[in-house]
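The following features are taken from TrEMBL:
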TRANSMEM  12-33  transmembrane segment
TRANSMEM  45-65  transmembrane segment
TRANSMEM  96-120  transmembrane segment
TRANSMEM  153-173  transmembrane segment
TRANSMEM  185-210  transmembrane segment
TRANSMEM  222-247  transmembrane segment
TRANSMEM  259-285  transmembrane segment
TRANSMEM  305-328  transmembrane segment
TRANSMEM  349-368  transmembrane segment
TRANSMEM  388-410  transmembrane segment
TRANSMEM  431-451  transmembrane segment
Amino acid sequence: MSEQAQTARAHWSGRWAFFLVTVGSAVGLGNIWKFPYMTGSNGGSAFVLVYLCCILGIGVPLLMAESMLGRRGQGSPVGSMRVLADEAGASRLWQVIGYIGIVGAFIILSFYSVVAGWVLDYTWQAAEGFKALPKEAFAEAFGALLASPGRLIFWHTVFMAMSALVVLGGVTGGIERANKIMMPALFGILVFLVGYGAVAADLPAAWRFLFHFDPSAINRGVLFAAMGHAFFTLSLGMGAIITYGSYLERDVSIPRTGLAIAGADTLVALLAGLAIFSIVFAQGLEPAAGPGLILQTLPLAFSQMPGGHAVGLLFFVLVVFAAWTSAISLIEPGVSLLSERFGMARRPAVLALCAGVWLLGIAVALSFNDWSGFTLFGLGLFDLLDTLTTKIMMPLAGLLIALFVGWAMKRAHVYDEIRMGSRVFVLWFNVVRYVSPVAIVIIFLNIIGVIG
Ligand code: PHE
């Protein structure tokens, strides 16, 4: 049970396992809930193009950097950073990267789980079948869910329990096993849904919406939204990739796997977009519905279209799998720190961490109803935590990681872990040294309102 408490560090069973678990972390609500509605609200193809550039230009290099830190550090995000700072003769203050990640993951999970709870509630409704009602009824139904503390807390609790259960099983027996079942199933369902879009809905319209490039629609807002989302969707800066990397064997190529992971994550987002917009356009509905896209617009479509009952259920099961495999990657970094620092066995570490997240999540659930009067900087708790993590902590951690790898670590050590053709290495290294920090600082200044 307590693999971590033993001296030998757990390892994935191979490169395929690392690929699957990391794709499991990356593919989540970000791909199937956020990406489609952000695309819908940010001009379709313009957003997609900028997003692809951000993934390739900032996301992949940082994903490689993070996996490398974990594999070389062989510890929790904090422990790894300490080892690496010592190795580089740099200040131990660099451990702050690990702390930002672990605290950030804790906070993200508290609201991620509440949103995943909405999805569980809708999965339940989808199993019964959405009744054909006028459009307004679907908006009201979502509003009623948000207004019900009991329902929100119930499903949040279920989701936290499901996630804790997997992590209790350990690195290979729990996390790896769950991903080996859920990720192929997720991909199969997604391909089926796109096939459905081609046969029974409006795939060409969805294709045009996502890929008919219109440069005039690109503006600064699109650029910043896409950069921020690239961080979130690749699980960067939150200790998840460092932790998963720490269970990685030396013989796996980080550049190749990193590229494959980012490619798979992007493919899933695009396929989800195609499936969702095929259905939305076939029913003559609005693509720019915002966060309610999959919870208001899609159920309306499911209630009207042929085979909507089965397709609706499959869709929500897909979203549950995506959220579940991401949530476990938000738990493991904290668990690895608790066992490393306090010698805690896996079971008490998982239970303590999840109980804390669960409590914060209850406050998040209540922020939609009973406690909606509580705001700070004009934001309710949900938006406050979302802003704090995805707009501040993630870019900050990303910046520090780029600076540490690019400037503090010994180049020979970095090369030793990354080992690619020397020209490609130089390219990657310079991106991490110069391009990533500059880009992140620019996003950051925009976010805090200094520019833009
Ligand atoms: N990448 C996940 C998603 O797209 C979210 C996540 C962020 C998971 C950070 C782990 C760490 O939903």
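Each position is counted from 1, following the chain as shown.
Yeah, the Cβs are placed from backbone N, Cα and C, and that goes for glycine too.
Just so you know, TrEMBL annotations are computer predictions that nobody has curated.
Below 8 angstroms of C-beta separation, residues 4, 106-107, 109-111, 113-114, 117, 146-147, 149, 152-153, 156-157, 160, 163-164, 167-168, 331, 334-335, 338-339, 374, 380-382, 385 of the same chain, each at least six residues beyond the ends of the transmembrane segment (349-368), sit close to that stretch. A contact links the transmembrane segment (45-65) to the transmembrane segment (222-247), because at least 3 Cβ pairs that are 6 or more residues apart lie under 8 A. In summary, the transmembrane segment (305-328) does not lie against the transmembrane segment (431-451): fewer than three C-beta pairs, each 6 or more positions apart in sequence, are under 8 Å. Same-chain residues lying 6+ beyond the ends of the transmembrane segment (153-173) with a Cβ under 8 Å from its Cβ atoms: 1, 3-4, 10-13, 17, 109, 113-114, 116-118, 120-121, 247, 323-324, 327-328, 331-332, 335, 346-347, 350-351, 354, 357-358, 361-362, 364-366.
For the transmembrane segment (96-120), the most Cβ-contacting stretch among 222-247, 388-410, 431-451 is 388-410 (pairs under 8 Å).
Sequence-remote contacts of a segment are chain residues at least 6 beyond its ends whose Cβ falls under 8 Å from one of its Cβ atoms, and for the transmembrane segment (388-410) they are 58, 62, 65-66, 68-69, 81, 84-85, 87-88, 90, 94, 96-97, 100-101, 103-104, 107-108, 228, 231-232, 236-238, 429, 432-434, 436-437, 440-441, 443-444, 447-448.
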